[in-house]
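Asker: So TrEMBL lists the following for this protein:
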DOMAIN    19-301  domain 'ABC transmembrane type-1'
DOMAIN    337-571  domain 'ABC transporter'
TRANSMEM  16-35  transmembrane segment
TRANSMEM  55-72  transmembrane segment
TRANSMEM  125-150  transmembrane segment
TRANSMEM  156-174  transmembrane segment
TRANSMEM  248-266  transmembrane segment
TRANSMEM  272-293  transmembrane segment
Amino acid sequence: MEVLRQLQGYFWTKRLYLFLSILCLAIATALGLIYPNLLRYLIDDVITPRNFEGVPILAMSVLGVVIVKSFMQFLHGFFGGRLGNYLAYRLRNACYEKLQFLSFRYYDTAKTGDLMSRLTGDLEAIRNFIGFGFAQLLNVILMVVFGAIMMLSINWQLTLITLISMPLLAFIALRFESQIHPAFQEMRLALSSLTTAVQENITGVRTVKSFAREPYEVEKFSTRNERYKTNQIFASTLWSRFFPVMELLASISIVLLLGVGGYLVIQKSLSLGELVAFFSLIWYIIGPMWSIGFHINNYTQSKASGERVLELLNQPVEVLDRERAVELDSQRVEGHVTFDGVTFAYGNKLPAVVDINLDAPPGTVIGFLGGTGSGKSTIIQLLMRAYDVNTGSIKLDGKDIRDIQIRSLRGQISSVFQETFLFSSTIRNNISYGLTHVSMEDVIRVSKLAKAHDFIMELPDGYDTVVGERGMGLSGGQKQRIAIARALLKNPKILVLDDATSAVDMETEHEIQSGFQEVMRGRTTFIIAHRISSLRHADEILVMNEGRVVQRGKHEQLIAIPGPYQDVYHIQYADHIARLKDTAGEQVKQ
Ligand SMILES: Nc1ncnc2c1ncn2[C@@H]1O[C@H](COP(=O)(O)OP(=O)(O)OP(=O)(O)O)[C@@H](O)[C@H]1O
């Protein structure tokens, strides 16, 4: 019920549909009660006294009842459908919106397949229950109550005998519910783990194939499939036990009714028509008892689904705008970035960065060099407020970034990452991603700066070439150049290049960087690179190791002193240094 209460907010504006749907179903159900009465009339007042002139009226009444009942059932479906679809529409939008604003931390552990199944299968189950299942569950109760009243009006002794098995039926249905609910929850989990396996397999197909790990993947899938199958078998075993037990109990009622009812008819304290009416009423009551299993199943499924959807919707957003967070005036932003004693750890792990201090006046270029996992990308993530710092502060133009609206802050920062994500759209749309009213001239201008224009023009449809979600058909370097063009088009005050040219060759990197000289002017730029060639023009280079800055300075200063920077320089420029030494040696000889 708690789930229903929480979902209520998503359909309450359309509650009229819910009430109308329930009302129409209740009318249809009430009309169903007319049949046993017609049967009684047919037997007691038409057939037994051979009074056949009543038949046409009877036939017309049946037809009338059938038409009205069918119409009410149509209206129940109509309003229920409207309600269910409206709710599913709102929940889908709410979930998608939530996914947009959830913090990076959530995505660190989230599984795509699992999220997809919440947005599809789970939403569908909720739609079905709120649209139809809920009204039908209420209707089951109505049928039992109406039926019992009707029976009582005919004969109270027989009613008691007939209803004797009802508490047992209800008990079994409830016991069944308590077992099937966890089974369904388990089944949903197993299904989402199955979809996750498929999704990861498709995304990582290149890795799978290059490692020839197809048998491992098949094995992995089959284990999860096995789990899903076991869950399904367990649930269907519960189902298969449920039906025979219900049938047995129902049959006991019928046998009792036949015996006692037949005796009463012989004793003439019950008419034949009344006994037949009772027989049809017993099905009127037992029918819902049978289907109560289905409705309870429907309810438990959608309850489990509702919990999963609500769990997503209730996820706390860790990085939020503060109450008084300001919006930046993009015309006025200068891009002065300072880090003041910044320390940060992911969850309970050891700190990823420790006591980082940095001053990047507007327009300066800051380089980061360091081994993998040394904390370079973390510094950038903190600047974007993907996470909030644990201690210390990061300021933009003297203002703590936690006091700036996240959207506004990120609007000033353009990032190019090592991994480029391209949307399944045209190259032009990928470059102008999220920006409206961008002229083709601008797209071409930034593409030229990113050295992407030439290869784009060689593609069959130029800028209109459609690329897949992983940029199928483009090389890693080409994708990176598109990402660089995309970042430049945003015209940011702060530019972040996180291993952005790792996939291009040295020559292209040099070309791109000469283009950058122009676009970096007036922007504060952070470059993370493994190649010294990418950093040598930086105003300050920070050498990182295990989350700490171990060396800092300009390229010329750093190569002059022994330390990690000089070591990397020696490794990367070994040939160059050897050549320099040879030339120097020859000059000495001469
Ligand atoms: N999302 C995350 N959740 C938990 N730990 C993380 C996360 N991202 C990074 N880390 C950890 O933080 C530390 C710093 O990682 P970071 O990505 O900043 O290093 P890096 O210097 O950029 O490495 P690389 O050059 O390999 O990209 C590492 O120990 C890493 O395992």
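Backbone N, Cα and C atoms are what each Cβ position is placed from, and that goes for glycine too.
On this model, are these features tucked inside or out on the surface, and what's nearby?
Answerer: Cβ atoms under 8 Å from those of the transmembrane segment (16-35) belong to residues 61-62, 65, 68-69, 72-73, 75-76, 78-80, 82-83, 86, 130-132, 134-136, 138-139, 142-143, 146-147, 150, 280, 284 of the same chain, restricted to positions at least 6 beyond its ends.
Using a Cβ-Cβ cut-off under 8 Å and counting only residues 6 or more beyond its ends in the same chain, the transmembrane segment (125-150) has close neighbours at 4, 7, 11, 18, 21-22, 25-26, 29-30, 32-33, 36-37, 76-77, 80-81, 83-85, 87-88, 91, 159, 163, 166, 281, 284-285, 287-289, 291-292, 295-296, 298-299, 301-302, 304-306, 309.
Only residues 6 or more beyond the boundaries of the transmembrane segment (156-174), in the same chain, are considered here, and those with a CB under 8 A from a CB of the stretch are 144, 148, 242, 245-246, 249-250, 252-253, 256-257, 260-261, 264, 270, 278, 281-282, 285-286, 289, 292-293, 296.
Long-range contacts of the transmembrane segment (248-266) within the same chain: residues 155, 157-158, 161-165, 168-169, 172, 272, 275, 278-279, 282, 286, 289-290, each at least 6 residues beyond the stretch ends and with a Cβ under 8 Å from a Cβ of the stretch.
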